[in-house]
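Per Swiss-Prot, these features apply:
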type	residues	note
BINDING	474, 475, 476, 477, 478, 479	ATP binding site
DOMAIN	454-650	domain 'FtsK'
REGION	1-25	region 'Disordered'
REGION	209-275	region 'Disordered'
TOPO_DOM	179-789	topological domain 'Cytoplasmic'
TRANSMEM	34-54	transmembrane segment
TRANSMEM	63-83	transmembrane segment
TRANSMEM	99-119	transmembrane segment
TRANSMEM	137-157	transmembrane segment
TRANSMEM	158-178	transmembrane segment
């Protein structure tokens, strides 16, 4: 029985397979493909009108559909392909869109034919008419064909010709929506929102225009009233309101630094300075925390009793110490002022030159500075600023100037500044710069010079908080450093501000040896300089320890807490002094101990502001291997003196401009957070004035150096020792070859890698070779002609 069942099931399976195969054979009837190929061939013949059959097919479609027959060809081909492969009629949104598009094109073709042919289009295209048309022309124009004719004839009486046009546009839009497979509701919603937004913006623009027109009317009325008042007061003044023509006799307001000098001598200046600011945030100690902070400050001082700090090693506050008076500085000699008539003449020449080149502008103001004269140009509406900047050389030629610097635009002003060098640079002395401000409450206030307007410029170091000074040799960099140091000596006592001076050139800052403000003697050895900077880093970390234990955030809050503690407990705990570190030539330090110096500068510039430690770095080689990206990013304030190329200027201040400076103290200053440069003529300070101030300070108090801050003495070459017996031979080999590497020692002495590495470490520790700098070869620091070799 089981075998019989198996045989019956096997028979059923075979019969079902035969049925499916027979169905497939029926479905895969080749007649369908033959018909599809035939339709495609006929459509191609009709489209290209190939032979008698092609012309007959095209004539038939032309009679039915007119100019819209080309879309009909495409739709027939697409439908044939779809039906052949899918074996069903397409029923999609795109199919409906194609049909709607065909109807819309019938309307469009017939409307175009109606407007172009007139009465001819109104004739019914019966077969006799069609036959006559083909006798006169191979391809007569039937517009939308028979279908288009009857569609238009039926629609015009119902909805008029204008209504047919609207219906046609709607059909075209609907076909596009269907073909792109979108919903009419969504498209309508987006369209309405866009229309609303457009109307809203249009209303806003119209209201703004009305307000502007109203303001212009009020402004014109006000100007007319002012003009009438001026004419009543001064009837002899000519009207120069015409912007295109510049009268030669027009007086331009002139401001000069010579007038400022006379004003400053007669009365104190009430003008607020550009860079003066009050730093009053995060420094006030709350009264209800006084008891807790007293205990914290006692614990802090007890915890650091075993260490010799700057306060303990330094001097006791000298009550009798008096800051040097400004009378020690020389009074500036009277100099020949720049002729105002000559400046007026150049202003008229500048206007005429711009006018000759098609630039409509006028000189609204002239500022005579110590080194340059700035002509403030106000261009007319529609004049591009770049057009004025591109006339740089032509302006210099017309004014017979050595060079011209264009500031376009002047920050905060709707004007362009053209800076022309004076025939003679006026000397700016440090005394006239400090006369109005000193003595200052800010002990780190330093004088820089005078700006283009002739106003004295002083800046607080604690707001910089670090400064980069760079420029070529002889541009005034060392004078600027001397002016900064002298400003500190004239304003701060030794217990208020401490100095650390690093001078690898050995001649610039040696005059300050012995002043009580110094932490250590002036450092001239580059190796000691790197160690001195590391000592400053250690002092910074110690101060942050104090701030942490006393719950204060910076040096100002800590000193306020100490003063309050001294008043309440009648004690004399020393306050933390500000420390200013000045490096006069960074390039020499980077060449000898670049890695250590860069790391120390990075730590100081990143963290030392709150600790009251400020760094001033000067160099005469503003290249990227000296002013590295790390140093540049961490020093926000920069002073650029005259340099030789725009590349050097970009290295210092990030933009060009320093290459057009005149030298002799002419500088560009970029403050912390400022996006624009300020041109300043640096204050001059003679060597005798520096010596007089130093003598006055030293006579009152001698220097009391902090031994803990002094760098370690360099290793004596005669005492260099190494446990390796090959050290002497390796030493001589490296000095002779003037190159050193671990692989070189391995090959020369046939030793392993570990021993060669230890020899390299010994040579570096004994200052025979420099530190490793990535893939670059190590520098040999000892010459073959050295006596020690």
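Any Cβ shown, glycine's included, is placed from N, Cα and C.
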Of all the binding-site residues given, 475, 478, which residue's CB has the most CB neighbours within 10 A?
475
Take the transmembrane segment (63-83) and find every residue of the same chain, 6 or more past its ends, with a Cβ under 8 Å from one of its Cβ atoms.
36, 39-40, 43, 46-47, 89-90, 98, 101-102, 105-106, 108-110, 112-113, 125, 130, 141-148
Other than 474, 475, 476, 477, 478, 479, which residues of the same chain sit close to ATP? List them in sequence order, counting a residue when its Cβ is within 8 Å of the Cβ centroid of the site.
471, 473, 480, 641, 665, 682
Neighbour count (Cβ, 10 Å) for residue 474 (ATP binding site)
12
Other CB atoms within 10 A, centred on residue 479 (ATP binding site):
21
Residues outside the transmembrane segment (158-178) whose C-beta sits under 8 Å from one of its C-beta atoms, at least 6 past its ends, are 93-94, 96-98, 100-101, 103-104, 107-108, 111, 152, 184, 187
